[in-house]
Amino acid sequence: MGQLTVGRISAHGLGGAKDLPIPPELAIAGAVAALVVSFTVLAVAWREPRYDAATSGRTAPAWLDRLASSRALAVVLRVLGMAFFLYVAAAAVFGKDSLINPFLGSFYVILWVGLVPASLLLGPFFKAVSPARTISMLFAKVSGVPEGQGLYAYPARLGYWPAVLGLFSFVWLELVYPHSTDLGPVRLWCAAYLGIMLIGSAVWGTTFLARADPFEVYSSLVAKLSVWGHRDGVLVVRSPLANLATVVARPGLVGVVGVLFGSTAFDSFRESSDWLGIVQSMSVSRILPDTLALVAFSAGVALVLTAATMATGVTSDTPRRALPDLFAHSVVPIIVGYIVAHYLTFFVEYGQQTLIQLSDPFSRGDDYLGTADLQVNYWISLHPTFLAVTKVLAVVLGHVVGVVAAHDRAIKLLPPRHHLTGQLPLLMAMVGFTAGGLYLLFAS
């Protein structure tokens, strides 16, 4: 993705410390102070768990519930999702192998980055439009198999681990593979992804998609920060924190947040002058050191989270080994904060460029969608102070929400005498994430 546009580098960091109205050291110190103050306030004012999936949320208006659960809406969304998939697939197969091919922007920008705001606003958006789900449903209908059912039950012990592999393969393609903007490798990745999803859903049903599809798992996790949820099959409106508390802890959840957070941090790190100097001094291909660094960042986040959450007393009802997955939900707002900080400019500006390119999928001068004559608005890049402040606030807000989510879970799970002391290792980890993340954003 790094080679898609010359504006890509400015989309990662803060454009340099000069763009910020305060020194970067002060911004980092202020962010850390915000976390410590938030924890102190929570320790005094938040002494009972407040979020319960069985009772939280206000019932949505009846008409909205009927609309959201209607068969007609589901069919419309699946048709639109499939139509967009086929349109972009045609560009991938028959379009030119060039950066102006809208397939690349659709894959890296609209799909990967765009599913975050879509899921925040609409809930588990990708699940509703997933071409893999749609094709799987069509195959089931044609073969007479009950919808959602496979040959075998999905093994519970696998949890989200297949999604971890899928997510890592995507970020490796995006951030490490030197030909990530050539049509051939990206087409191959997409074909392999779709083939694995269809075979897996045939064997284990749509439960496989809910656990193994990297995009569906990512979207569904981010959707827990939206206001939309379900209770007993009824649409409810919840606060994002209450919704976040409904994340179900399954094996591999720590791995998912590790890859999502670690890869974003690595994307900043790989552009730093220190890392560029190291890889340029090596005699081997950059693929090897970048791959090792990506693994280190992803595994490092997961290991830090695991160690921080397990360094506490537990009750007999909660085994210590279960704590990392039970607290992993608190990293989701941190991930979203860094996605905003890291990709805001890229999403807004290259997203517009992709919309323009979609009118001409075969690079022949066509204007199928009527967008070919539109111009990209660079307002965000032209206001660097606004951009820098927005990015810092996104990171800080993400961490503060994460601290609140972790505190509520700790009050619910840990023994009373460990309610506060048991959170200190995780607080220290989040402080490290904040300082390190902001440092990388400034340094890139």
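Just so it is clear, glycine is given a Cβ too, placed from its N, Cα and C backbone atoms.
TrEMBL lists 26-46 (among others) with the feature transmembrane segment.
Positions annotated as transmembrane segment by TrEMBL: 75-95 (among others). With a threshold of 8 Å between CB atoms, the same-chain residues lying at least 6 positions outside the transmembrane segment (75-95) that come near it are 101-103, 106-107, 128-131, 133-135, 137, 183, 186-187, 190, 358, 361-363.
The transmembrane segment annotation in TrEMBL covers 107-126 (among others).
Annotated transmembrane segment per TrEMBL: 160-177 (among others), in sequence order. Sequence-remote contacts of a segment are chain residues at least 6 beyond its ends whose Cβ falls under 8 Å from one of its Cβ atoms, and for the transmembrane segment (160-177) they are 1-2, 108, 112, 185-186, 189, 193, 196, 200, 208, 211-214, 217-218, 250-253, 255-256, 258-260, 263, 266-267, 270, 287, 290-291, 294, 298.
Annotation comment: TrEMBL describes 189-210 (among others) as transmembrane segment.
If one looks beyond the transmembrane segment (292-314) by at least 6 residues along the same chain, the residues whose Cβ comes under 8 Å of a Cβ in the stretch are 168, 171-172, 175-176, 254-255, 257-259, 261-263, 265-266, 269-270, 275, 320-321, 323-324, 326-328, 331, 410, 413-415, 417-418, 421-423, 425-426, 428-429, 432-433. According to TrEMBL, the feature transmembrane segment maps to 292-314 (among others).
Per TrEMBL, the feature transmembrane segment maps to 326-348 (among others).
Long-range contacts of the transmembrane segment (386-406) within the same chain: residues 14-15, 19-21, 27, 30-31, 34-35, 38-39, 42, 46, 225, 240-241, 244-245, 327, 329-338, 340-342, 344-345, 380, 423, 426-427, 430, 433-434, 437-438, 441, each at least 6 residues beyond the stretch ends and with a Cβ under 8 Å from a Cβ of the stretch. Among the features that TrEMBL reports, transmembrane segment is placed at 386-406 (among others).
TrEMBL lists 426-443 (among others) with the feature transmembrane segment. Using a Cβ-Cβ cut-off under 8 Å and counting only residues 6 or more beyond its ends in the same chain, the transmembrane segment (426-443) has close neighbours at 12-14, 16-17, 24, 27-28, 31-32, 35-36, 39, 261, 265, 268-269, 272-274, 301, 304-305, 307-309, 327, 330, 334, 338, 341-342, 391-392, 395-396, 399, 402-403, 406, 410.
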Whether the transmembrane segment (107-126) meets the transmembrane segment (26-46): three or more C-beta pairs under 8 angstroms: no
